[in-house]
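Peer 1: Pasting in a structure now, in structure tokens, and then I'll have a few things to ask.
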Amino acid sequence: MKPRYKRVLIKVSGEALAGPDKFGISDEMLSGIAAQIKEIHELGVQIAIVVGGGNFWRGRTGQSIDRATADYMGMLATTMNAMALQDAFEKQGLPAAVQTAISMTQIAEPYNRKKAISHLEAGKVVIFGTGTGSPFFSTDTTSALRAAEIDADVILLAKKVDAVYSADPEVDPNAIKYDQLAHKEVIEKQLGVMDITAATLCMENNIAIHVFGVSEKGNMLKAINGEKIGTIVR
Ligand code: UDP
């Protein structure tokens, strides 16, 4: 089957890398995600990744720490995940580059849009660490920004939950599952797919978002092949 998308931006949240205790990196989750991404890479899809850091630290966690400082700490947390993903890809024979918006040249390339695109064209997976490089933003917003910059066909939002619901399905048994949504609905109904800044950026730049559950093996492949799983925001 011919993949539906040529170039994708995958958002991997920190939580998706953590084990049941929701902290740190689980070997199983890490290698599982790398294997799913390898499957779609083998179809010739160009893959860029924005990785979160919530499995280690979120800016809003540090109550007594100045918010900007706490956010910079969160950006450092994303770098640990980026390095772990790079290692997991390389172990599976997939070449991968890490680019960070905050320079740390001993361990990663500084973010460079043209170089990122040339890596993608050469078949390398590109992992973007340290978010936008600025506090008060999120890695969701980074995903929207980088997707626009590299002209990705879609943002694949690999989540723990399998789709977008009207309420948290674990709390509310009457929560409705959405197959398709408009960006405007996500913003107006505050559906929590991504933060409002990120959703607005996607709406303004016409970027589609495909939300699906990553725990189920093969879902990434289904999403790439255009099968009806999860929720599509367009
Ligand atoms: N962060 C930031 N600017 C950015 C991206 C991230 O300040 O452009 C910080 C922020 O503190 C955030 C943390 O990094 O809480 C981790 O990112 P995020 O919460 O988006 O990770 P996720 O929830 O996806 O694991």
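Backbone N, Cα and C define each Cβ position, glycine as well.
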Peer 1: GLY53, THR132, GLY133, SER134, PRO135, PHE136, PHE137, SER138, THR139 bind UMP according to TrEMBL; which of ASP66, ASP71, ASP153 goes with them?
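Peer 2: The record-listed residue among the candidates is ASP71.
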Peer 1: Where ligand 1 binds, which of the binding-site residues VAL12, GLY53, GLY54, ARG58, TYR165, ASP168 are close by, with Cβ under 6 Å?
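Peer 2: GLY53, GLY54, ARG58, in sequence order.
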Peer 1: State the Cα to Cα distance, in Å, between GLY54 (ATP binding site) and THR132 (UMP binding site), rounded to an integer.
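Peer 2: On Cα coordinates alone, these residues lie 15 Å apart.
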Peer 1: How far apart, in Å, are the two Cα atoms that lie farthest from each other among GLY53, ASP71, THR132, GLY133, SER134, PRO135, PHE136, PHE137, SER138, THR139, the residues recorded as binding UMP?
Peer 2: 14
Peer 1: GLY14 (ATP binding site) to GLY53 (UMP binding site): how many Å between their Cα atoms?
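Peer 2: Distance (Cα to Cα, whole Å): 5 Å.
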Peer 1: With every protein chain in view, how many other Cβ atoms are within 10 Å of the Cβ of GLY53 (UMP binding site)?
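Peer 2: Here the count is 27.
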